[in-house]
Amino acid sequence: MVRLCTTNFLAYRATGSPLLLLYFYLCSLSSVKSSAAASYTNASDYVLRNVFEHSDQCYKDSFVYVRADDKKSDPFITYSTTKECSERLKKNDLPEKLPTCPPGLIDLELKPVYVPKSQISYPYANLNISVTAHSSVDTIAFRLECLSASDGSDVYCSNSKAMYINGVKEWPCRGIHLSSRVQYPTRFSYSCFRLTSFSVYAINATILPQKCRVSTIMTAPYFDDMFPEILVDPTTNQSIITKTDPFWAPMLSADFSDKNAIWVRLGKAERAECETMVVNVYKEHDDDSQKVTFLEILTVKCPETAVKWENQKAGRYLLTAYVPIRGCKFYCEKKERGCRQCLRTHLNLVIYKNRASLSWLALQKFKDYGFEIFIAVVVLLILIIVLAVTGFGYVLWRDKVRSREVRNIALTEFVKVMIVYADDNDLHTDCVKKLVENLRNCASCDPVFDLEKLITAEQIVPSRWLVDQISSLKKFIIVVSDCAEKILDTEASETHQLVQARPFADLFGPAMEMIIRDATHNFPEARKKYAVVRFNYSPHVPPNLAILNLPTFILPEQFAQLTAFLHNVEHTERANVTQNISEAQIHEWNLCASRMMSFFVRNPNWLETRWKPKDELAALHLKRQSPVIVPIQTEEDRIAASIKYNLVPPQALVDSDDEDDVDLQPHASHQNQPLILLPPEQCGPDSDSDSESDSSSESESESDNEGEDPKTIVVKKS
């Protein structure tokens, strides 16, 4: 039937008229009825028509579509005999084994067909073979090959003369040749191959010009089991079939179109009903015994007819299919009463190569050769352990040999290193001086020591000097002591501070702030730049300094290791590093440390005199005293008073030889004026800012300030 509606009628009808709507309805209805399967109609911009016609009703399920306006004839050629089909295939010189067709190219479908009783035969079953092509192909051909038969009733398994062509046995074959004008999908179907119960067939569909093949192995149960009378009787109502629910067995086939799995397909009578169909899988033993091993159960939910059987190894298998109807069981014990055994279909299957994923194959290999793999793993582990022990022993032996080697390293460069320490007391400073002395004399170092740089040079500003040294030097030695531990304690430093005992403030705190800030920015470089040293009497490294994990040395025992660090000499911790430092120098250094330890014993509370609260160290307020009236009558009296009270001498005394007349005049006017002398201000952290404001406090006796060294004298008029 042609699915084409002409437009001549539309030219005379207005849009939306009832006749126009009726016309489109009739066209669409005829289009649906024109195809055996509407789902295969090509939804394109033009109308197609099925041009497949054959006098043999065995091809009735086939269809070939071309465009409706295609007037050319012969869009296809059928090969209706085995001879024609075989000759077409032989022209392409095909090998015995062809590759499997790619997915999506064709579909191979099998189903049983019931043929009712006639005047010349009893009821029997045919096999319907359908190949649907979804892409452009040239030729579709399929053969039916009998693999085995239960008896001689199967005509295809016999050696009758009808099976031979020119003396060569040819299996039944049917095919079709398609022109380039054919539209897809296209189906070629043949339903007249006789199906014999319990026979096993192989159906091979060959596609040209792709030269590929799809193979299926199938079998059928007993005829009456597959087609119960109630299912094939046309007079029986479907409701009666549903109510009766007769027992039946399915047709069973194995599709090899998937390279990594097998599709198990089940066929049934057209009106047979079910909920599920079950396939039991058994593995046959390789020793040709009758024993089988149960593997798994495959379940197909109706109306589906296929299930994917994945991960199989090469070997022989037995597939048993049945339909659990009305509580029937696959197997009934002999003593079990009221048990009904389901009707079953058996298929012996041979898989010549593995059809499974790589992961599953690897797991199966492990299971099959588990003991051998275990032995191999144990041997490998033993070998690794032996190699590890051998390597470890070699490393120990090498280190032992190297430890016996003596490396003489000449310290040719002078390293400039800064000593960062806290001013605990004079005895501690003596130990630091010994460190400086030994660094200079025995370690080829140029120590930067504040007592040498700041006290001898009055023009240097301590804070600026500290910043210059930290920004320019590459090596620093941090000396840990009791006062240093207090200064590094953040909470203690908020309320207490170190009593100043030198002309300049203690620089340990500011120096450590800059060092810690620099070290936290780059830990690897800090470990090469900063070193922490402790004397025998020193406390442990404070936690906030120990967290930096800087190299730490105990002096004088590890003075050689400290020297190696300062000169960047690489060595292991177990290396024995020695240095040309005399025993006498070590002895003197130990004596300094011993004096410090003895001082701790004699003065257990010495730290309280050096570490005091900040409010006690505030600037001492100067209190006004009774003025001391010094009568000055002459210039000589003024000079004498200046010398006695550390005043700057009068200008007349300095320049008396050159400027007597000029300088004596301003002083002459004050000869008879008395002067008031105030005691000097005491040094304190806030003395500069508070001295003048606090000078008005109430007076105290002169005895309060006896013994103090006057540093500043303020001269005021009375």
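Positions of Cβ are set from backbone N, Cα and C atoms, glycine also.
Summarising the annotation, Swiss-Prot assigns compositional bias 'Acidic residues' to 687-707.
Marked as domain 'SEFIR' by Swiss-Prot on the basis of sequence analysis: 414-564.
Among the features that Swiss-Prot reports, N-linked glycosylation site is placed at Asn42 (among others), with the record citing sequence analysis.
For Asn128 (N-linked glycosylation site), the same-chain residues that are 6 or more apart in sequence and have a Cβ closer than 8 Å to its Cβ are Asp61, Glu109, Leu110, Lys111, Pro112, Val113, Ser189, Tyr190, Ser191. Annotation comment: Swiss-Prot describes Asn128 (among others) as N-linked glycosylation site, evidence class sequence analysis.
According to Swiss-Prot, the N-linked glycosylation site annotation covers Asn204 (among others), on the basis of sequence analysis. Reduced to three states, the DSSP call for Asn204 (N-linked glycosylation site) is strand. Listed in sequence order, the residues of the same chain lying 6 or more apart from Asn204 (N-linked glycosylation site) and placing their CB within less than 8 Å of its CB are Phe142, Arg143, Glu145, Arg213, Val214, Ser215.
Here Asn237 (N-linked glycosylation site) comes close to no residue that lies at least six apart in sequence on the same chain with a C-beta under 8 angstroms from its C-beta. Marked as N-linked glycosylation site by Swiss-Prot on the basis of sequence analysis: Asn237 (among others).
Sequence annotations record features per position, and here Swiss-Prot assigns region 'Disordered' to 654-718.
Swiss-Prot lists 1-30 with the feature signal peptide, giving sequence analysis as the kind of evidence.
The feature topological domain 'Extracellular' is assigned by Swiss-Prot to 36-372, with a curator's inference given as support. The predicted model assigns the topological domain 'Extracellular' (36-372) a mean pLDDT of 88.
The topological domain 'Cytoplasmic' annotation in Swiss-Prot covers 394-718, and the record cites a curator's inference as its basis.
Away from its own ends, the transmembrane segment (373-393) comes close to residues 366 of its chain (Cβ-Cβ under 8 Å, at least six residues beyond either end). Sequence annotations record features per position, and here Swiss-Prot assigns transmembrane segment to 373-393.
For the recorded site, Asn237 (N-linked glycosylation site), the DSSP three-state label reads coil.
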